[in-house]
Amino acid sequence: MAQPILGHGSLQPASAAGLASLELDSSLDQYVQIRIFKIIVIGDSNVGKTCLTFRFCGGTFPDKTEATIGVDFREKTVEIEGEKIKVQVWDTAGQERFRKSMVEHYYRNVHAVVFVYDVTKMTSFTNLKMWIQECNGHAVPPLVPKVLVGNKCDLREQIQVPSNLALKFADAHNMLLFETSAKDPKESQNVESIFMCLACRLKAQKSLLYRDAERQQGKVQKLEFPQEANSKTSCPC
């Protein structure tokens, strides 16, 4: 079973402006507030973006999928250290003709990014540079957490992208690398780890922002992520 591969890149706290946009869903009642973390999944068509979101949000692999047109999103409520958090996963189209009208919308107020490639298609890996450029070109703060995911690892005989090459790329772009399969039920825990890793980091960053804001009497400053913060969360990465 393929395991997540952790690169030397670290997930750093998002910018103060980005963190300030983390939303609260208070529609249930005045006593219950659920934070919403918006995570977008981007990459070439047919790399398995939709299947990854189905596996995480519903625990299933769809029998049949069609090319995503524009953007779609799925949600899953998770509990981290006693707090319920809604993880909103935005599944984006990989084809240019479906992206033009929606691209600004799904990059708006993003909290974390998942870049996906197909380990059996080298072109999907080489195109990652294009996706990163698009992300940067839409003013996504450079400190927004990002991870790299190599999907379809169940097709072991067809792998074209070696792990060491992917790890080198992830390190160069300050990302963690996960290799997994949305199709293989045995890999479901690894798919879960991708999104839970980001959710844990975002939760920790937001908590730090609140404490800093209180100390500064409402004045928000950029935060340095403390080394011990990782041990205080149930973060899988």
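Quick reminder: no glycine exception, Cβ is built from N, Cα and C everywhere.
Residue ranges 59-71, 72-84, 215-227 are listed, and Swiss-Prot annotates 59-71 among them as motif 'Switch 1'. Counting every protein chain shown, the number of other Cβ atoms lying within 10 Å of the Cβ of Gly48 (GTP binding site) is 27. Looking just at the motif 'Switch 2' (92-111), the mean pLDDT is 70. Reduced to three states, the DSSP call for Lys152 (GTP binding site) is coil. For Thr50 (GTP binding site), the count of additional Cβ atoms within 10 Å of its Cβ stands at 22 [all protein chains shown].
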